[in-house]
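Below is one structure, written out as structure tokens; comments come after it.
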């Protein structure tokens with residue numbers, strides 16, 4: 001029997017034999033494609049090739065692509081685990097032609113692979129084509145020899161593919177496998193008439209032969225292309241003669257492992273089976289998402305990951321798993337697939353810790369949320385209502401972190417619907433509140449005016465890699481509100497665009513340059529430089545003298561010292577990332593950065609706070625590279641070549657086909673290689689020195705290092721020396737003896753504190769004895785009330801403990817005031833609990849002090865904000881006892 005690895009390798013090897021370039025799977029995070037949350041098909045990494053925006057050094061390609069479909073129109077989440085073939089994560093096998101071969105070859109390749117390489121019987125194969133695609137029909141019948149009765153013509157919905165409203169599109173042809181009558185859904189079962197599993201689509205061949213214009217007209221492409229996709233999970237199930245994808249060697253090891261740790265059996269109870277299948281599916285998705293740099297969060301891709309972890313955890317709870325377990329099943333995925341996808345192995349330890357932490361956090365809120373949901377559903381049941389209100393669903397989402405699909409799952413099992421319309425309304429209101437509070441709302445208005453300039457063909461040429469000064473013509477002037485103007489008068493601020501500039505605009509985490517822009521009629525201070533688009537650089541200026549006019553020639557001079565400081569920090573950011581990966585592990589990925597003249601800030605994926613030893617080692621290694629005075633070199637090359645060379649790139653960052661590669665070190669000693677458009681030093685020695693000033697956590701699994709370089713380190717060290725000298729003077733010692741002196745003082749202080757505690761304990765004991773002299777008797781009950789001013793709550797408790805040890809029966813109410821705060825303790829001995837309990841009594845007497853409290857039957861505590869009400873509180877207690 002063919003294993004999954006056999007089939008994957010057979011597919012790739014088959015097409016390599018026909019001159020296809022094997023291309024590694026791209027990340028689940030689509031590069032340069034803001035329209036997609038995740039890579040959901042094999043063609044995604046080739047989209048720009050198909051649209052003609054990019055060229056590659058090959059015309060044929062084959063891939064096994066990691067894909068994820070959770071959300072949007074490709075949302076399989078609700079069906080996962082309930083059907084034989086729905087998954088969140090899956091692998092798409094594909095072969096592609098970029099203007100090389102077309103329909104005939106694509107069909108021949110597919111048919112030969114299925115019937116000869118996989119040995120699937122032709123009698124079980126059926127074909128669908130687009131209704132007007134006579135070419136495909138002719139190839140299937142006359143070249144391949146498929147009987148016409150096995151070919152079905154389908155409409156545009158089923159057999160015509162398009163990339164969007166415009167762009168490449170074309171008919172497609174699907175190969176279906178007949179799984180037999182046992183899968184039949186009834187009398188109307190058949191291709192195109194039902195959605196059951198009998199006639200299972202296994203391979204889709206897309207013939208990109210048209211371009212759809214904005215008018216809706218379709219014109220023939222000069223170089224038609226091929227895009228095919230075959231789901232690995234489906235073809236494995238067929239080859240292994242399994243009725244469900246979950247019964248194959250892709251899923252069974254995970255399912256059986258999960259069943260063993262949960263103490264349950266697969267294929268005994270349907271609900272248990274669903275839970276096991278969901279956990280197996282989600283474990284695969286979770287592992288690959290984290291391996292590709294996605295971390296749990298409350299938005300975007302991170303929120304999808306969080307949903308999957310929480311959903312799988314809840315299904316685990318249904319089969320008796322009350323402790324974290326997903327981190328174990330995720331490791332099983334690594335064990336199964338790490339040899340093929342090595343990124344799983346390199347991040348396995350990090351992955352386990354992220355998942356474990358997320359499970360622990362969710363388990364804390366899950367029980368509370370489930371109790372609330374259960375109570376709400378029971379209340380609705382009593383009212384004979386079958387819909388959970390949207391505000392309750394939103395509270396579960398907002399307060400307890402319950403995704404809507406989890407709420408729907410639980411509600412539907414109890415035959416309740418959820419008012420999703422009101423839920424979405426409340427969600428939208430929350431988003432609008434967030435938008436209205438966002439401080440950058442003015443920025444959007446400015447961006448709109450820059451967009452207008454771009455649409456008018458406005459461009460700026462950046463000459464700042466080689467030059468810190470230059471001349472350019474002023475091609476646009478905007479006032480501070482972004483409105484176009486003819487002149488910018490003295491003392492005013494605005495935006496200046498020149499046709500060429502040495503000023504670097506904010507991008508890639510690097511802040512914009514500052515400097516001087518002047519003309520024959522005026523002078524400005526450039527306080528910032530923006531880069532709203534690839535070819536547009538905008539100078540933010542304040543006119544210091546004269547007037548700046550549109551269409552003038554301007555002299556632009558970048559502040560050399562500020563640029564150099566920024567370059568120091570940027571180069572050290574590259575060195576830092578490389579060092580972090582060497583010391584902490586390959587799981588370290590950049591999660592954000594800021595490079596300015598004064599400091600660098602680097603966010604990276606790592607689960608635990610750095611130890612002092614790790615921080616010291618990182619600092620030492622970065623400074624070692626600085627002192628080695630390694631050269632920096634900049635090269636331009638195509639993106640694919642750069643990545644193959646080992647250059648690090650941010651998946652969220654937008655890169656062109658030709659990229660700028662910054663390499664630190666020589667051929668024999670490379671410290672770092674990254675895609676980067678920023679400004680850098682020419683050698684590492686120019687950085688001078690590197691000091692980490694802080695290391696903090698900013699999100700689950702994300703740490704932040706802030707550091708300084710160059711002359712900023714000198715200022716930092718000088719300030720430290722000054723503080724150390726001042727501290728030494730106060731302590732009357734030498735700077736090098738400060739630690740020794742402070743240690744001695746702390747030790748002395750500790751001994752003194754012990755003496756104070758002993759004296760205070762004795763004093764409090766005496767205080768207790770003294771208070772017992774003031775006992776009064778009400779209705780045969782010994783009662784003590786006392787206001788002890790300026791005692792801490794701890795001291796009050798110690799006095800109460802002393803009194804309790806000496807009073808066998810009675811009621812004691814002690815109070816203390818600290819400013820406007822009131823502390824209240826109430827004790828009721830056990831023999832009086834048939835009439836009074838401390839927890840009930842305290843609630844009746846705290847109103848005068850504007851307080852609230854509670855506790856146990858024997859002792860309760862309250863806090864208040866009205867010290868003047870204490871006498872009334874004591875009087876209230878006495879009245880209650882007298883009335884009993």
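Every residue, even glycine, has its Cβ placed from backbone N, Cα and C.
Features of the protein shown, as given by Swiss-Prot:
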type: BINDING; residues: 570, 574, 676, 680; note: Zn(2+) binding site
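In sequence order, 567, 571, 573, 595, 632, 662, 674, 678, 679 are the residues of the same chain, not among 570, 574, 676, 680, whose CB sits within 8 A of the CB centroid for the Zn(2+) site. Within 10 Å of the C-beta atom of residue 680 (Zn(2+) binding site) sit 23 other C-beta atoms, taking all shown protein chains into account. According to its DSSP assignment, residue 676 (Zn(2+) binding site) is coil. The local packing around residue 676 (Zn(2+) binding site), expressed as other Cβ atoms within 10 Å of its Cβ over all shown chains, amounts to 26. Cβ neighbours within 10 Å of residue 570 (Zn(2+) binding site), excluding its own Cβ and spanning all shown chains: 25. For residue 574 (Zn(2+) binding site), the number of other Cβ atoms no farther than 10 Å from its own Cβ, over all displayed protein chains, is 25. Residue 570 (Zn(2+) binding site) falls within a helix when secondary structure is assigned with DSSP.
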